[in-house]
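A.B. asks: Here it is, the structure, as structure tokens.
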Amino acid sequence: MEHLQKALTVLFATLLLLAPLLMATDPDPLQDFCVADLSGNLSVNGYPCKPASSASDEFLFSSRATRGGDPMANPNGSNVTELDVNEWPGLNTLGVSMNRVDFAPGGTNPPHIHPRATEIGVVLRGELLLGIIGSLDFGNRYYSKVVRAGETFVIPRGLMHFQFNVGKEAATIVVSFNSQNPGIVFVPLTLFGSSPPIPTPVLVKALRVDAGVVELLKSKFTGGY
């Protein structure tokens, strides 16, 4: 019993000594702003800061999302205008970013995942079928709704989702993320356009299709989107 008490005393003392170290890390910004020096190396909480004297008021503002790109420039019929830290260095260490997505009629933002962020958005124009697929331990449930101009939506971090323009006119959404670099994993591109490619027998077994089907799908995604 005495040995147990001594051991607990040592453990308690060790925890007390470690507590300041464990609580010393602070992921939040420690200055008003930290405009990213994109030539520096990316660390856990972002890029190194440019000297404050070289950061003008422009780091607070961006006009990049005032116009979207051509949604017909790729087979999906959609275009994503990104506003993450790489496109807007003023977001560095702030933990936020946003995108504008434009859709042609019938265009889609294919099934994808943001591994590092929750997404919240608003429809500016048009009408879109928005689908979200839950995780396996929640039954792979499919949630969906047609959202229209002025309506909002939220997509929990890490869940697969898509948008599809079901209207007869062009559609546009603006979304924001609670990460300066939310990341994106396009499901079709990941499976059939990885580099180097996933071995065909693995996909044959996983998807329960013939090798010819897998090879055909791989040929569609060579070179990305």
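Cβ atoms are placed via backbone N, Cα and C, with glycine included.
TrEMBL annotations: computationally assigned, not manually curated.
Taken from TrEMBL, the feature signal peptide covers 1-24. The disulfide bond annotation in TrEMBL covers Cys34-Cys49. Taken from TrEMBL, the feature domain 'Cupin type-1' covers 63-215. Feature annotation from TrEMBL assigns oxalate binding site to Asn99, Asn109, His114, Glu119. For His112, His114, Glu119, His161, the entry in TrEMBL reads Mn(2+) binding site.
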A.B. asks: Enter the number of other CB atoms within 10 angstroms of the CB of Cys49 (disulfide bond).
C.D. replies: 19
A.B. asks: Beyond His112, His114, Glu119, His161, what residues of that chain have CB atoms within 8 A of the centre of the Mn(2+) site's CB atoms?
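C.D. replies: Near the Mn(2+) site, beyond His112, His114, Glu119, His161, sit Ile113, Ile155, Leu159, Met160, Pro182, Ile184.
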A.B. asks: Can you figure out which of Cys34, Cys49, Asn99 (the recorded positions) comes closest in space to His161 (Mn(2+) binding site), comparing Cα atoms?
C.D. replies: Asn99
A.B. asks: Might you list, by sequence position, any residue in that chain lying six or more from His112 (Mn(2+) binding site) with a Cβ less than 8 Å away from its Cβ?
C.D. replies: Met160, His161, Phe162, Ile184, Val185, Phe186, Val187
A.B. asks: Just checking, which of Asn99, Asn109 (binding-site residues) has the fewest C-beta atoms within 10 Å of its C-beta?
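C.D. replies: Candidates: the binding-site residues Asn99, Asn109. Fewest Cβ atoms within 10 Å: Asn99.
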A.B. asks: Long-range same-chain neighbours of Cys34 (disulfide bond), Cβ under 8 Å, sequence gap at least 6?
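C.D. replies: Expected: Gly46, Cys49, Asn92, Thr93.
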A.B. asks: Between all pairs in Asn99, Asn109, His114, Glu119 (listed as oxalate binders), what's the biggest Cα distance, rounded to the nearest Å?
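C.D. replies: With Asn99, Asn109, His114, Glu119 as the binding residues for oxalate, the largest Cα distance is 14 Å.
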A.B. asks: Can you give me the same-chain residues 6 or more apart in sequence from Glu119 (oxalate binding site) with a CB-CB distance under 8 Å?
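C.D. replies: Spatial neighbours, sequence-distant, of Glu119 (oxalate binding site): Val154, Ile155, His161, Val175, Ser176, Phe177, Pro182.
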